[in-house]
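All remarks here apply to the structure that follows.
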Amino acid sequence: MKSAFTLSLALVAVTATISAAADDNCSFGCLDVYKPVCGSNGETYSNSCYLRLASCKSNNGITEAGDGECASTPASSATPSPVTSSTGSTSGTVGCPDMCLDVYDPVSDENGKEYSNQCYMEMAKCKGTGYDDNKRSGNPGISTLDAERKLAFAPGYQGPPCGDMLCPDNYAPVCGSDGETYPNECDLGITSCNHPEQNITMVGEGTLPVTGAATATATATAEVVTRW
């Protein structure tokens, strides 16, 4: 009886460990860009990043079955619970998209009203406003993308293409195993994602010490400045 109880505790501990590891590996957020995709589980996700997040958290291997909303989406939303970014904002809000990329690719609705891109049109329809922030600003650039800088993926993520990964602008330098200093841990993670063959990991906080020739150069420069 005692052995059975001990075995049960061990199984619970293993399950908890696996669950905690899964949560750590899935600690990334996604941009609130509304570009719906249909999952292999028959549920609709706000975009492919949210599908990957759901797949990661559920460990069910959910894949994209197609672009756009599924023919019939279950009553319960497929979008994961909101993920808090480093800036304190949340993403994954069920329903209307909260932001769109400032990419100028004009489209018109059935009434002939023009929008900066498909996402802004979908947002306006969803919220029932007919309002296009990007179009009113007259800026077809990527200022919103630069301004938001929402955390998109955790460091070391080596999943699908890294093109939709963004990091906050905070300066908290870290040292990489490749001998480079990165502005913050998230930036190191993006490089690791883009170059999985290098298996770049964080080896410490702060900037890398200046050594060798670099030290000599820095010293010589300091001496010149002092003499000047």
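Glycine is no exception: its Cβ is also placed from the backbone N, Cα and C atoms.
Of the cysteines C26, C49, C56, C70, only one is given by Swiss-Prot as the disulfide partner of C38: C70. Per Swiss-Prot, C56 makes its disulfide bond with C26 among C26, C30, C96. Here Swiss-Prot annotates a disulfide bond for C49; of C30, C96, the partner residue is C30.
Rounded to a whole number, the distance between the Cα atoms of C49 (disulfide bond) and C56 (disulfide bond) is 10 Å.
For the disulfide-bonded residues C26, C30, C70, C119, C186, the ranking by surrounding Cβ atoms (within 10 Å, all protein chains) places C30 first.
It is 18 Å from the Cα atom of C26 (disulfide bond) to that of N199 (N-linked glycosylation site). For the domain 'Kazal-like 1' (23-72), DSSP puts the residue distribution at 14 helix, 9 strand, 27 coil.
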